[in-house]
């Protein structure tokens, strides 16, 4: 078994390394293209790629995974057996991470693996050494730099014979629930550009190509059909989902929005997305839950920015889009919605400030000062790749296989608390010369910088394409890196609970300069889950500011009296997080903490923490030299909450929680370019708006067509059990279409707990993967 990672808090040294605020610095090579990333602890980021022809090899085949050392800024290859292409992922309560699904085994140029299963998809490929990942569940216990990273306990556990999903899922969504379990929603069965055939006569199953169900990890019974996935047919890959204070889940896809009670499978319709802007893949708009703070009573508001308002038919089918997407500008539109308003009013979308430019594949990163960074993406087109469209034949694609153009290299900052009309800025921000389009990723690091990686709009590795397979890693340094002094808090606990006794954190006098009273009144304690990043989103990302008061001491130190989390696990599901102390807009280095009891099951709760009144002392001051405050005050005022006393009322959890404990496992031009050069910028790239759909000649497709170099003529989908008289599509314009569908329960096959978890000992015997016991 994999040795358990101690549930300790690992604080970073608070030394300041001078970095130019707003700068973007190239820092190293990821070895595998960073399609997916997550922060394991204060020492590490873990990187996942799809199975492809990476030059870096491990155990005789191209590598798919890597460990990024934050201290040395170097990557180390890791073994992973199944193809994690476009998987989903989540954190578990004990600090482990888990990924779900992927694609079938593939070989060079995206060809189906050399050994096929009975359905005709890849079971294994002898060249790339990858196995079918469509049902895979992979678990990792992140290790620290003090541990032996080569030990089995620090490796991926990837054994489908002992741990797998009931259903094949590619582009599914994973959301951690209040009890620490995870729900996996929807997905493709094998792949495609969008999740539909054309004409769309079977919106539920797409002839076997769509997966319209949800299931849980650990299992809570058979996978069940989700009506929302029928209503949003086609544009429902990587549905956008957030668990809310009530325990229900807010779900958005296509233009539809619901509140979903996952315990009863009851959906409550909410208003549709305004202005016909699609936010899910492949339109891929940025999305995030806004910071939850005592000032907003921990109300949960979700922001959507960018994506595309392409007509519904323009998305084509599994094979490719109907139009030249790279000519179609991305949307600038931003919308907010509070799904459960505290005043009991009906939820509605509210127009927010437009972005500075349209973006597809841009993503939000929550920063510890309460602002939100928008980074990566392109000015035109969509995510995905193809070798043709309905208007451009094979061999004539201007950007090889990319369906987007006009990479945007300048980040932008959104301040959710600024007055309307002034929430966006990019003043002083550098522009990267590296295109970050399809399969890019970004994530907040423990030092409060942002790691930027990936980009690979290509079927297989292509380092000479206009938008190439990218291995370079960059760091972006937000404006608060202008400070010469960072806070150096002490006394941060290793674990946080839902309610219960408060705790004290000490901020030494050398952590700031100037008046102690001013510093204390402008200090906040922020907990961030950075999430699992892929495809322009960070699953599980959320930020919560803990309530605090303070006492100013005569030596200039500040004692922060800090509450535990509100007594409601739904507000911030259990698991790992980073805790920052933010003084006058300047964050400390993070401390790694575990929220909750570290187990899957009903989380213990206690009374809301009651805090003493704040105490000031006029004569006290900080001893730090130089600037210790933000030079961008307008960006940080949203997190300044001083002198708040007492508890905040929190909405209770709705629905029963399952008490299941997890045994820890060991282990931009329109024309075809004349060169491979492209322009980077912070404004929309070249590309004309398509005037019309053009001549449509889309075939009825199966999902194997998304691997255009290897048509899968042998794959025959099971006949659909749903028959509709007319093609179904999600309505554009506010009126919801109704489509009847029969809920079906699929046979459930239980998965046993792994007992021989070292995947490095897998071998192939010609019939299927064989797993030998670990050899020590």
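Cβ coordinates are placed from backbone N, Cα and C, and glycine is handled just like the others.
Please treat TrEMBL annotations as automatic predictions, because they have not gone through curation.
Annotated range for region 'Disordered' in TrEMBL, selecting from 675-725, 726-776: 726-776. Note on the domain 'Glyoxal oxidase N-terminal' (122-189): DSSP counts are 3 helix, 21 strand, 44 coil. Per DSSP, the secondary structure of the domain 'Galactose oxidase-like Early set' (486-594) breaks down as 12 helix, 56 strand, 41 coil.
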